[in-house]
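What follows is a set of notes on a single structure, which appears directly below.
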Amino acid sequence: MKSLLFQLILASFVLSNFDNNVNAGHTSVFVRKEWPSEDIPLDHEVFAVPTGHNAPQQVHITQGDYDGKAVIISWVTPDEPGSSKVQYGTLKGKYEFTAEGKMTNYTFYKYNSGYIHHVLVDGLEVTIFTWEYDTKFYYKIGTGDSAREFWFQTPPKIGPDVPYKFGIIGDLGQTYNSLSTLEHYMQSGAQTVLFVGDLSYADRYQYNDVGIRWDSWGRFVEKSTAYHPWIWSAGNHEIEYMPYMDEVVPFKSYLQRYPTPHLSCKSSSPMWYAIRRASAHIIVLSSYSPFVKYTPQYEWLSEELMKVDREKTPWLIVLMHMPIYNSNEAHFMEGESMRAVFEEWFVHHKVDVIFAGHVHAYERSYRISNIRYNVSSGERYPVPDKSAPVYITVGDGGNQEGLAGRFLDPQPEYSAFREASYGHSTLEIQNRTHAFYHWNRNDDGKKVATDSFVLHNQYWSSNLRRRKLKKHHLSSVLKRIASY
């Protein structure tokens, strides 16, 4: 009995320290021989316009509801409105069903957008007589010789032990480094992208070139976004507040082009919302929308966190653009205001991991928190906290602003690993207790797995599992006593 008790204590110790390694953090000395941080020329083949008159382009899909039983399919027709219909079915070339959506367009300075179509394909569980989750759908948009065909895979049924693989990308842009990141993600086997903001970097241009670079980026990523859902969040480069062009409506281009399923989770804005997919509950926050007490985002997040059911979706993931913990000189402490408002909630609700972008480098933290801090106390530094999330910054997609290569020295105790390179991450959920995480550096065009660890689920691994172990141990003891 003593031996069994010792094993339980040892297992508990290992479990509690695995995600919060007490060893010093690591700063990589790798120096990238980077390609120039310049946008790919517009005449490059990656921006090719599809053949045919008014052919649909910039095709992208995202989840269309709370539970993964719908998709939003979006595209642009450049010359005339055309049709806003989607034909779809489970057999290639045989489209049993039709969905129709809405068309919009907008102006930005003197740029006139193409005709932007958004179609909600919902009720997928009733369009097939024998519904199966994890089903491949083929879909067709456009008409005549200009029609184009794609496919998407519905997610598996929500459940606590459903495996699923996410890719995480941020601050992508449209450089050769961006292309390397995109191609490496597409080789990863991931099924959905969690995108942490800063899409096209079109705001780096002026006048009509802003809209032109939104169009080129839509064509650039289409080879992934037309097939895999990208879960969108907005960054600072989506704000596009440009009064010198009389453009003062924030997020104008982004909101016209990239819809989100915010209404299905009772959000008042497409800038913040939540979805459930496989075994994960994913919350998207807006770093550049009001979030202090009494604001809509604050009130919504308070209610959404109460809805999380870790028995059904044990993995609680938060996306935001601005990192809360960052030890790079670039954007240092810009996330402090959001940390002060929300960090205590993240710890209380045992968020597993928070992904952010903004800083053009990679960094992963230990499980730490600074929730004891206030202006009158002496406790003003982050401390290890096994109930806190792991914070991961992946603002390293490859945009034209280049890498953020100057880290603070010495490396803070909360920082586990950091490197100024381009790349992407994957999170491969295995079951309710474990997930495999990898960050892959783009080493001059070659994918290199650089940082990886096993992520233990906060809810099941730290609380219920220990209770079940104790309950199992107690049951075993009682059985042994009864056998005497």
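Using N, Cα and C of the backbone, Cβ positions are placed for all residues, glycine too.
Caution: TrEMBL annotation is automatic and unverified by curators.
If you look up TrEMBL, you'll see 1-24 marked as signal peptide. What TrEMBL lists as domain 'Purple acid phosphatase N-terminal' is 56-154. Taken from TrEMBL, the feature domain 'Calcineurin-like phosphoesterase' applies to 165-362. The domain 'Purple acid phosphatase C-terminal' annotation in TrEMBL covers 388-448.
Secondary structure counts, DSSP: the domain 'Purple acid phosphatase C-terminal' (388-448) has 0 helix, 31 strand, 30 coil. Here the domain 'Calcineurin-like phosphoesterase' (165-362) has a mean pLDDT of 97 out of 100. Helix, strand and coil counts from DSSP across the domain 'Purple acid phosphatase N-terminal' (56-154) read 7 helix, 51 strand, 41 coil.
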